[in-house]
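What TrEMBL says about this protein:
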COMPBIAS  446-459  compositional bias 'Acidic residues'
COMPBIAS  469-483  compositional bias 'Polar residues'
DOMAIN    16-124  domain 'PH'
DOMAIN    134-169  domain 'EF-hand'
DOMAIN    170-205  domain 'EF-hand'
DOMAIN    528-580  domain 'PI-PLC Y-box'
DOMAIN    580-707  domain 'C2'
REGION    445-486  region 'Disordered'
Amino acid sequence: MASQIQKLLTTNQDLLLMQKGTMMRKVRTKSWKKLRYFRLQDDGMTVWHGRHLESISKPTFSISDVERIRKGQDSELLRYLVEEFPLEQGFTIVFNGRRPNLDLVANSVEEAQTWMRGLQLLVDLVARMNYQEQLDQMLREWFQQADRNQDSRMSFREAQRLLLLMNVEMDEEYAFSLFQEADVSQSNTLDSEEFVQFYKALTKRTEIEELFENFSSDKQKLTLLEFVDFLREEQKESDHSSDLALKLIDRYEPSENGRLLRVLSKDGFLSYLCSADGNIFNPDCLPIYQDMTQPLSHYYINSSHNTYLLGDQFCGQSSVEGYIRALKRGCRCVEVDTWDGPDGEPVVYHGRTLTSRILFKDVLATLAQYAFQSSDYPLILSLDNHCTWEQQKTMAHHLIAILGEQLLSTTLEEQLIDIMPSPEQLRGKILVKGKKLRTIEVVESDKEEEELEKDEGSDLDPASAELDMQSQPESQEQASGNKSKNKKKFLLQSSTTILCPDLSALVVYLRTAPFCSFTHSKENYHIYDISSFSESKAKNLIREAVAMNMQTAGSAMDICDGLFRQNGGSGYVLKPEFLRDTQSSFNPMKPVSLYKAQILVVQVISGQRLPKVDKTKETTVVDPLVRVELYGVPEDTKQQETSYVENNGINPYWGETFYFQIQVPELAMLRFVVKDYSRTSRNNFIGQYTLPWTCMKHGYRHVSLLSKDGTSLHPASIFVYTCMQEDLDMDEP
């Protein structure tokens with residue numbers, strides 16, 4: 001693949017023009033628009049830019065950081081500038097994670113198309129790279145960075161600088177010995193091939209070699225039977241171990257002769273452990289593997305709060321990009337805060353703050369386009385409605401006109417709501433969650449009804465209206481029974497705004513209701529009533545996570561991402577059976593274990609190619625440590641931490657073992673956090689990975705690290721061993 005990129009750099013006309021460079025307008029805001037010179041570097045993997053051709057350029061982005069390229073017509077920012085620049089001359093570079101988009105305007109449609117085609121070609125090639133190809137590409141980038149005089153040779157001084165770039169500080173004498181061993185040509189310099197040997201010596205995995213030799217009788221290879229023993233005993237691959245061993249040998253043994261003899265070399269063994277088959281996340285949990293035909297309430301649903309925000313909640317930017325990013329992450333419930341806007345058009349923003357505003361109809365157009373690109377299971381549109389009657393009518397009109405067939409406006413097959421539909425039944429549908437004109441039965445008297453509303457903590461106030469069913473006049477018999485328990489009324493569930501029937505009618509299965517307690521909800525609410533509450537209140541009630549601000553990185557978002565990484569990233573995860581059983585007496589504060597408590601053993605062995613915390617400081621090297629965090633019911637929630645390794649980010653070794661007692665494994669989440677130890681301040685974040693216990697593969701596994709915003713830090717990883725034990729004296733290591 002890397003050789004294919006190099007070939008394309010000399011033959012593809014788009015890439016050739018990109019290497020010459022182009023002056024384009026960089027657009028940050030409606031008022032900030034600057035001419036900048038952009039050029040694709042000779043490695044085909046980096047784009048640099050400067051004020052002009054002769055200026056000192058600086059790195060702008062790596063192709064591996066790019067998710068996709070969008071046309072100017074799809075750019076929210078460029079559409080605002082349509083009177084200044086033709087949309088056909090603009091395009092947007094969308095990055096992985098939370099990094100802001102880069103909007104560019106070329107001088108002509110042809111130049112824009114050249115860059116769009118060329119960038120997308122490179123992005124697609126990088127996406128198809130396997131582990132070895134990615135490693136080769138990384139080595140080439142490192143070699144180019146270290147080769148300051150551009151003579152395609154590396155001196156020892158350049159090699160020392162490279163070690164710092166690679167995040168390792170090594171004894172000079174030892175480093176020089178490795179350099180001399182790699183210098184086969186004895187020229188006191190290394191060419192690219194000799195550099196690869198130097199790198200291999202530098203990153204030698206002694207812990208992998210020891211593990212290999214423990215199962216190999218001749219210390220040179222694993223026979224088929226020896227490999228089967230390893231898979232069965234250590235990797236807990238008890239089912240079809242022989243068939244699996246054959247598949248893995250064919251997949252990872254680099255030698256054709258080795259594959260014919262059905263043996264695995266050290267290199268093949270390492271390739272297996274570094275592959276997806278050696279990853280800690282169970283690949284069986286990656287596709288849709290759960291029953292999707294149960295009622296909607298039987299699932300955890302990946303939900304977001306203030307979805308429209310890209311920054312803080314007081315003066316940050318509101319943008320449809322927030323919805324695109326959330327949907328891309330598998331979110332299936334987005335929030336839309338609506339307020340009266342100019343010219344009769346409702347707007348979306350964080351009310352009574354300085355956040356910017358976007359049109360409600362633009363949000364709907366974005367949802368119509370992106371709702372089902374990452375998951376075709378139902379999307380919930382959570383309306384926080386603050387609009388007047390007239391603008392509510394406009395909202396209802398836009399919902400119907402823009403979402404069309406995607407909008408669920410009636411019950412399925414127009415049936416009574418006696419059971420919630422399933423995600424499978426609602427595929428491809430957008431559901432509105434919001435307040436609704438509702439009928440209630442008065443059990444004894446109006447006074448009791450008022451007391452009920454008071455007990456509910458309803459947001460009704462004296463200014464709220466109460467509408468009788470005027471469209472169907474009551475008969476004399478009905479009128480005389482107004483005080484009976486069969487009397488029905490429409491109640492408005494809004495404190496300061498009269499709810500418009502047109503908008504109310506679009507709320508079908510998800511009617512918002514105030515929350516008092518679980519007992520009250522069970523006794524008074526219907527299956528289609530849904531309540532929201534703050535995270536702090538949720539923790540006090542049930543110690544569970546609630547809707548996320550997806551623009552905010554942190555442990556809460558990591559746990560959310562980790563939970564919903566399974567089941568095809570569909571945004572729906574089936575709850576454990578004891579949380580679906582209406583007769584269940586499960587209490588997270590006092591869990592009665594369904595079986596004997598188990599012990600999770602986690603050995604943190606080593607780390608590989610950890611990134612620098614501050615890439616601008618060449619001479620600084622990380623002192624990494626690993627914190628293992630277990631989340632679940634309060635009794636299971638705990639964490640333990642390794643010691644730190646000084647000045648080594650390329651292959652630190654810890655070899656420390658931790659024990660965690662687990663009462664409710666079905667609710668357990670495991671989070672690995674790698675930090676840079678600091679004596680004077682808080683330890684700096686390096687990387688993390690979070691996954692459910694139910695999706696964890698045991699044995700010797702690599703944990704692929706992610707950044708703060710959840711994007712890959714490849715090839716950074718840690719190497720761990722995990723297993724479950726039934727009986728263990730917790731006082732003994």
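Cβ atoms here come from the backbone N, Cα and C positions, even for glycine.
Sequence-distant neighbours of the domain 'EF-hand' (134-169) (same chain, 6+ residues past either end, Cβ-Cβ under 8 Å): 2, 43, 45-46, 175-176, 179, 187-192, 195-196, 198-199, 202, 609-612, 618-619, 621-622, 647-651, 714-715.
Secondary structure by DSSP for the domain 'EF-hand' (134-169): 23 helix, 2 strand, 11 coil. Note on the domain 'C2' (580-707): its mean pLDDT in the predicted model is 91.
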